[in-house]
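Here it is: the structure, laid out below.
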Amino acid sequence: MARAKKNQINQIYVVQFLNKDNQLLGKEQVETEDLPVISQRIQDIIEVLNNFKELGDHERGRSAYVEQLIKDMAVYYGYSEYLLEKLFNLFSVSEALEFFEANEVPRPVTIRTNTLRTRRRDLAQALINRGVNLEPIGKWTKVGLTIFDSTVPVGATPEYLAGHYILQSASSFLPVMALAPQENEKILDMASAPGGKSTYIAALMKNTGIIFANDSNKERTKGLVSNIHRLGIKNTVVCNYDGREFPTVLGGFDRVLLDAPCSGTGVISKDPSVKINKTEKDFILLPHLQKELLLSAIDSVDAKSSKGGYIVYSTCSVTVEENEAVVNYALKKRPNVKLVLTGLDFGREGFTNYRGKVFHPSLKLTRRFYPHVHNMDGFFVSKFKKFSNKYELKRKNDDEDHKVSKTKIDK
């Protein structure tokens with residue numbers, strides 16, 4: 001079997017990754033190799049791809065190197081080839097390696113201060129006194145703390161039981177910050193369990209107004225109710241509807257948060273099963289559901305709201321199919337909304353074009369977050385402003401932009 005090595009031929013370095021029949025190594029062959037061998041070949045191929053003009057075998061072409069790299073990385077990191085290639089294509093070759101490496105490392109444990117009951121400074125001091133090593137997450141949040149280590153169970157301290165904080169990933173702060181809820185508003189959290197985001201909304205609203213914390217999974221609402229009671233939330237109604245039933249069930253909201261069900265490709269460090277259990281079918285069915293939920297979220301907002309009229313769509317996925325493609329679809333189907341700034345001062349711009357697909361230019365206002373860049377779970381955040389409760393829907397066929405018909409719809 002071939003092994004990864006460099007041969008100097010006329011000052012050009014090429015990576016040898018062919019078997020005895022002069023073919024690319026197959027998955028079965030790669031799987032029988034030692035991981036250090038595969039790791040070295042990954043490094044060698046990346047080096048060649050980063051300087052292909054000088055180091056590459058031009059007869060075989062760049063695509064052969066990429067194909068072998070994907071096979072090797074899938075085996076080395078334990079992904080299906082399908083998913084690894086999908087995620088690989090989001091980045092440059094070198095950055096892809098950083099992304100997959102970051103997914104092998106647990107994200108920091110983070111907590112959110114419940115400002116209804118305490119201040120971050122007071123909470124931090126109380127936990128330090130109990131033997132917790134911590135520091136503020138970063139300048140972008142005034143309520144988050146990172147826990148490095150602790151001599152006591154962080155989920156069972158007197159402060160935790162008294163509702164002074166909640167264990168919550170840093171990335172899930174972001175959609176609530178983008179939503180920017182105001183006091184005395186009527187807000188829907190369409191997929192709210194286990195309640196980290198709903199209770200953050202309640203804290204920002206200082207327990208005023210009303211929040212409808214909805215989740216389609218009745219079993220998951222038990223944890224939601226528990227957190228609501230523990231944190232002293234008094235302005236929240238828990239409900240159990242399919243999100244697609246809104247606004248038929250209830251509408252007229254000032255703001256709606258849809259942190260949509262997704263593939264979980266941003267939280268692989270927490271759930272490694274994603275590496276092998278997501279198939280092509282998932283990336284057809286999930287975006288279909290996400291599109292339906294987003295349209296319902298948009299239709300549930302009252303454009304005449306004096307301070308609101310906003311919708312935030314977010315996922316803990318990094319795939320384009322679940323993010324930019326869903327948002328782009330909503331912009332086409334609901335011309336009475338537009339994308340606006342998320343208010344988040346970090347994160348990468350969303351894609352406006354990706355592998356031949358061109359999205360609305362305003363997609364650059366959306367934000368992407370990656371574990372290898374921001375040291376948090378992979379996440380996507382977008383924010384819409386609804387400027388009318390009526391819209392004129394233009395129907396276009398798949399290949400042409402000309403108008404076929406118009407339908408006036410009230411929402």
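The backbone N, Cα and C atoms fix where each Cβ goes, and this holds for glycine too.
TrEMBL lists these features:
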DOMAIN    99-387  domain 'SAM-dependent MTase RsmB/NOP-type'
BINDING   Ala191, Ser192, Ala193, Pro194, Gly195, Gly196, Lys197, Asp215, Asp242, Asp259  S-adenosyl-L-methionine binding site
ACT_SITE  Cys316  active site, nucleophile
Which ones in the same chain are close to Asp242 (S-adenosyl-L-methionine binding site), with CB under 8 Å and 6+ residues apart in sequence?
Ser216
Could you tell me the C-alpha distance between Ala193 (S-adenosyl-L-methionine binding site) and the residue listed as 'active site, nucleophile' in angstrom, no decimals?
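The Cα atom of Ala193 (S-adenosyl-L-methionine binding site) is 14 Å away from the Cα atom of the residue listed as 'active site, nucleophile'.
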For Gly195 (S-adenosyl-L-methionine binding site) and the residue listed as 'active site, nucleophile', determine the Cα separation and express it in whole Å.
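Gly195 (S-adenosyl-L-methionine binding site) and the residue listed as 'active site, nucleophile' have their Cα atoms 15 Å apart.
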Per DSSP, Ala193 (S-adenosyl-L-methionine binding site) is which: helix, strand or coil?
coil
Given the model, what does the mean pLDDT over the domain 'SAM-dependent MTase RsmB/NOP-type' (99-387) come out as?
97
How many whole Å apart are the CA atoms of Cys316 (active site, nucleophile) and Lys197 (S-adenosyl-L-methionine binding site)?
13
Out of Ala191, Ala193, Cys316, which of these recorded positions shows the lowest number of other CB atoms within 10 Å of its CB?
Ala191
Counting only residues 6+ away in sequence within the same chain, which have a CB under 8 Å from the CB of Lys197 (S-adenosyl-L-methionine binding site)?
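The list for Lys197 (S-adenosyl-L-methionine binding site) reads Ser172, Pro175, Val176, Asp189, Leu257, Asp259, given in order along the sequence.
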Compare all C-alpha positions of Ala191, Ser192, Ala193, Pro194, Gly195, Gly196, Lys197, Asp215, Asp242, Asp259, the record's S-adenosyl-L-methionine binders, and send over the largest distance in angstrom.
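Comparing all Cα pairs, the maximum is 20 Å.
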Using DSSP and collapsing to three states, where does Cys316 (active site, nucleophile) fall: helix, strand or coil?
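The three-state answer is coil.
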Looking only at Cβ atoms, how many others are within 10 Å of the one on Gly195 (S-adenosyl-L-methionine binding site)?
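Taking every protein chain into account, the count is 28.
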